[in-house]
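Chemist: Pasting a structure below so you can have a look.
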């Protein structure tokens, strides 16, 4: 059976696919005495492979293992699928110690399978050797011989070329015949049933090895000999087999991982873990196989006597940091932690020419699966400021504008014609002005009739020449208060018109005859105010200004303010609003000019409890105490949270990456410390002090020679000056990012990264 390697369940304990072709067994149903509750028409014709728990009784006469040892194909194919399901579904009761020679019985077909693989590997080796020998022979025959006679005739050359072509054709023909003759050998010896039964047997052992008791039983000399035979196959052959038939190899690797605690220390086992498995990880691109190899390589780092891995093993692991499955990425990082804990392996990474790029990848993983997190704190009692309205805010400015319009309205009322005055000649608009949001909200919240009166004060002005149609007046009122934000129902048209004389005593509702002779119902004496709240920002606030000019931008306002300055050289005080600065110069006037476009200004400010509300309106701002945070202000701290476990300790990709960076930083700092001149001088002085004086005993001299040899080896493994500076430069490039993680991570990654910061 061959399945795709990416579909095979591995370390999760799931059950791979069963064989698709299983011989029909002559056995009756495994519970013949139990009556069937199903009607014949609904009974499934598919064979039932799940054994009953009663069939797993211990002892030498177990029915399943007797069938497995019988040598009868039907019996074997009947027992293997049931044992596969039993080892998966009933692992708690699946005890290999309860059946005599159970491991040997399950090991029989894997050994037959390895024998078949050995013959196939020998055949491949023979073919490759013959191909190499044929190639050498072809080169030997076709190689032109050295000529001592420079005047060799062209006829001899042509004859030699023809001879070479003939020999080349002969070599190719012999090679084809040789391969045809050997090609029949594997076809005669290959048996697909052996591979199928071996895969099922290994799957049973794989499932059973997940139990510690079964793992101890499997890790015996007989199964170790099978592992030795399998891993003795040529590496290229094992690699091709992992692509062609990956399932048995994955079962073997899972079994090896389960029985690792029970493995004896031997040279062959050490070779498998230090050479074969790392090479397989380097060469394979099968994620399922990588997932089986990484746990083995992680646990083997504590194996005594483990030799150095292949040369490009560590660089390949660094390239695997781009794997997308989180589980694989965590295992790669776990293996790198074990490797970088060794100073030799850490220096190997530091000496890489592309170390800076690898360090950037590691640094980016410090924020893997990070989520923003905010924490808010209330200010302590006694440190809270008082909230007062900002005199420069929109609400305060709107109130000041309303007060100015009220003053203008009172002055205009005194000179209206109805009051016996000369009249007010003010230009009015043809539509309502656009009020600010602050003013709208204030009007919407009022009750009638105050609401309509205040609305008239904001929209209309006195004008002796104005005649506002009552229909236009009513439409303006209705459109403004039709907003959903209004809290009270609108008045009727007659009620609103009656309120006009209350808001503007100089105005009156009447019938007016226009120039054409048509009579209209109008409100005489008022009209729409021109401009808007935005343009009111450029109003002149000079105390003695009659406000006959209405600037609409800073330039017009500046030209108007210059007219208030005296033409003589005498100094005068500033009369802008509450300002009394003296002397009032042109440069001082520019400080009162508003900016061309409005900006967002806070409506409330915090002041010190000892301050008065009037201090904000004062021009002196340098003698105020620093205001504390207001009562409504919360101290907000924003940070990042990476995954944590149940004990609130860091875990996951970010935590594993921080340990790798810490190991690399420690190795670099220790190397820099050992290479410093002060340390070298201290060692030299210590050596001179030991050698000064009486003759040194032989055992002391021998011990000192060993220490010097160890120090010499350590110095040879140290980084040179160029490598040291390059590694240091790599840490300096990511120092800012590491500092951000130290300051902004809330789960405690900073305690592992302190040595990687501050170069």
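Quick reminder: no glycine exception, Cβ is built from N, Cα and C everywhere.
Source: prediction; values computed, not measured.
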Chemist: Please identify the range among 61-93, 94-126, 127-159 that TrEMBL labels region 'Disordered'.
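Modeler: The listed stretch tagged region 'Disordered' in TrEMBL is 127-159.
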Chemist: Ranges 683-704, 705-726: which does TrEMBL label region 'Disordered'?
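Modeler: So the range that TrEMBL calls region 'Disordered' is 705-726.
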Chemist: Let's see if you can do this one: DSSP helix, strand and coil counts over the domain 'RFX-type winged-helix' (452-530), in that order.
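Modeler: The counts are 29 helix, 26 strand, 24 coil.
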